[in-house]
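Taken straight from TrEMBL:
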BINDING   B:Gly10, B:Cys11, B:Gly12, B:Gly13, B:Val14, B:Gly15  NADP(+) binding site
BINDING   B:Lys136  NADPH binding site
DOMAIN    B:167-367  domain 'Homoserine dehydrogenase catalytic'
BINDING   B:Glu220  L-homoserine binding site
ACT_SITE  B:Lys235  active site, proton donor
Number of protein chains: 2
Amino acid sequence: MKNIPVILMGCGGVGRQLLQQIISCRTLHANMGIHLRVVGVCDSTSYVLAPDVILAGFDDNFLKGLCQIKSDGLPLRNCMEHGTCESGSSSEFMTKLTDIAAHLHFVLVDCSASSETTKVIIEVLHLGCCAVLANKKPLTGSLEEFDKLFLHPRRIRHESTVGAGLPIIASTNRILSSGDTIVSSLGSLSGTLGYVMSEVENGKPFSEVVKTAKELGYTEPDPRDDLSGMDVARKALILARLRGIRLEMKDIKIYSLFPDKMGPDAMSLEDFLKNGLPMLDDDIEERIKKASSNKNVLRYVCIIDTKDISVSLMERPKDSALGRLKGSDNVVEIYTEQCYSDKQPLVIQGPGAGNNTTAAGVLADILDLQDLFS
Amino acid sequence: MKNIPVILMGCGGVGRQLLQQIISCRTLHANMGIHLRVVGVCDSTSYVLAPDVILAGFDDNFLKGLCQIKSDGLPLRNCMEHGTCESGSSSEFMTKLTDIAAHLHFVLVDCSASSETTKVIIEVLHLGCCAVLANKKPLTGSLEEFDKLFLHPRRIRHESTVGAGLPIIASTNRILSSGDTIVSSLGSLSGTLGYVMSEVENGKPFSEVVKTAKELGYTEPDPRDDLSGMDVARKALILARLRGIRLEMKDIKIYSLFPDKMGPDAMSLEDFLKNGLPMLDDDIEERIKKASSNKNVLRYVCIIDTKDISVSLMERPKDSALGRLKGSDNVVEIYTEQCYSDKQPLVIQGPGAGNNTTAAGVLADILDLQDLFS
């Protein structure tokens, strides 16, 4: 039985779901000859560590208790009541991780949303450990950091950074390793903006659709976090860098769905929803009509060609994969020189958000590293 | 630099394309720290083997010569003129392979269409080697053979057995290793039948569409090889077995598009095309009308639920991925318990045939085995 030590950073929705899935997959993974031994967990303020990380790990009852504590909104140190463990602040943990990496070959899993994890991930990778990321931030920092993360590309996996568990990264890597050249990747990589753009197409005003999406919990608490296109741009940058396109976030042309004067610095959320948003309706309506007269539909799309990334509203043919998109699905169309032509791209579509599917992507990534463990 | 020895069985269109891609990817793979060292090749009658398989392999000029010889329709032994190598009959080669496997850790690649390769694949896997299959036959023999092939599941890859290079197997494996349960997989896995069914929908007679498909080279020389559904059934069986569904070919309900009395044993190809085929037009036309009145379209689909496989003509909703299919694309819809619901399946679509994409799938599989080589 292969014993793979796992250390988890971030135990919000995705991290908690991951721990639960690890527990519920015990028999399945044992049949595959694998035991995932969780030895440490941290959140944004504190950590817990198993007393003997080299030989043992947390038992499943402890992990269940930990999930319950986090789901109750309590701090991690409350775990001390559930079993023996070491605890401390999350900043101490970062130092501790490199100490552990010198003695233990483990998988560091980043399910946080922090930009502070990059340094420690690079350090443990350098010491021979592996990393699995659901967190986009480490991959969208400087190119220098990106290069360090991919110095040993087999040790790092990050499927859930783009389209949650959808096999977009794995498929892109397969295309690249077969020597085919990707000419362009087109994607609708925001479930929120996908939903909004397919609903406005049916004649509803943009402002109403955004408000409904917010009520349904499809948007961030401040919908401008979605409407700015920044999240889509991060995903696009990851896909581009994977293909060897050397760009920084600042190089991306991002079309925000609201003007600067309605930004969070200039307008309160309440004011934006009540007064700002409705002022955008006419422009969107006009663009939809124009698209329709061209037999197209309007989509919020990222396009990564051979050199550039653009993230913006764009007309797409009604009968293309992007044009047919409904609801909150994500979709990518990949065009290559050899296998996937203009008329027959590779299309991958499905739900691109949610704790379940994001955690599933992380877990599949961890299992995919198994050959690097003895 | 990792040096991965490769031995290839079958050098028809796909095998030849694979050799060409290996050669053209030299720089790319070197940047990944990999050198694919081809040490042996066989076709249905003979083999060539590098003089020193442990330390050296064929140089790229020899491989280019080999591709030229095969493309000219000549036997492999003509390679003797292009460089130093050992040669002999393909049956001798099978014995030789197990001898080599005792001393060399290599990847055995099966790009043949033979049902005679299973035994040697099992033997070399048992000796610690790896295998990559584009050939469906070994995976659709008895369950006993299948179990032996997957005794060490990490050592075998077979993406190109279903949907050519489309990432259907890789994605299915990711879903399974994350502990999600696949409730059903639906697929249109024959480019030929996909083309035929989307064309008849536009009002053309079935017999005319089949004849056009034959003229365009979309069908096998005898179109009944496609219309029988056997090829789709093989792919469905592979997908089912991957999910742990223990069925044999004989357990699959296969709906053939022609009756037994028009089979190759009962009717010549010429007779079938001229007299048999047109007799099928009315029935198909009627079924299409019925589907249309239900707001559906008619597709040739395989459905793998939790226990059974069916391969037949079926009505599918017009706005589903299968319903929207046009031309010769393949598509699968995967529904699971946790991540991919009734309304949001995982959809993978693209060209599911052709030497380029099949060879690309094989090459990505070989690269995916790199962590098993030191």
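The backbone N, Cα and C atoms fix where each Cβ goes, glycine too.
Overlay of TrEMBL feature records on the structure.
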{"residue": "B:Gly10", "record": "NADP(+) binding site", "Cβ neighbours (10 Å)": "23"}
{"residue": "B:Cys11", "record": "NADP(+) binding site", "Cβ neighbours (10 Å)": "24"}
{"residue": "B:Gly12", "record": "NADP(+) binding site", "Cβ neighbours (10 Å)": "15"}
{"residue": "B:Gly13", "record": "NADP(+) binding site", "Cβ neighbours (10 Å)": "16"}
{"residue": "B:Val14", "record": "NADP(+) binding site", "Cβ neighbours (10 Å)": "26"}
{"residue": "B:Gly15", "record": "NADP(+) binding site", "Cβ neighbours (10 Å)": "27"}
{"residue": "B:Lys136", "record": "NADPH binding site", "Cβ neighbours (10 Å)": "20"}
{"residue": "B:Glu220", "record": "L-homoserine binding site", "Cβ neighbours (10 Å)": "14"}
{"residue": "B:Lys235", "record": "active site, proton donor", "Cβ neighbours (10 Å)": "24"}
Item checked: Pairwise CA distance, B:Lys136 (NADPH binding site) versus B:Gly15 (NADP(+) binding site), rounded so that it is a whole Å -> 14
Notebook entry, point to check: What is the separation, in Å, between the Cα atoms of B:Gly15 (NADP(+) binding site) and B:Lys235 (active site, proton donor)?
Noted result: 20
Check: Measuring Cα to Cα, how many angstrom lie between B:Gly12 (NADP(+) binding site) and the residue listed as 'L-homoserine binding site'?
Finding: 15
Notebook entry, point to check: Hey, how far is B:Glu220 (L-homoserine binding site) from B:Gly10 (NADP(+) binding site), Cα to Cα, in Å?
Noted result: 19
Notebook entry, point to check: Say you check the Cα of B:Lys235 (active site, proton donor) against those of the binding-site residues B:Cys11, B:Gly13, B:Val14; which is nearest?
Noted result: B:Val14
Item checked: DSSP three-state assignment for the residue listed as 'L-homoserine binding site' -> coil
Notebook entry, point to check: Which are the residues of the chain, B:Gly10, B:Cys11, B:Gly12, B:Gly13, B:Val14, B:Gly15 excluded, whose CB is within 8 A of where the CB atoms of the NADP(+) site average out, their centroid?
Noted result: B:Arg16, B:Gln17, B:Leu18, B:Asp43, B:Lys70, B:Cys111, B:Ser112, B:Asn355
Check: What does DSSP assign B:Gly15 (NADP(+) binding site), in three states?
Finding: helix
Next item on the list: Provide the three-state secondary structure of the residue listed as 'active site, proton donor' computed with DSSP.
Entry: helix
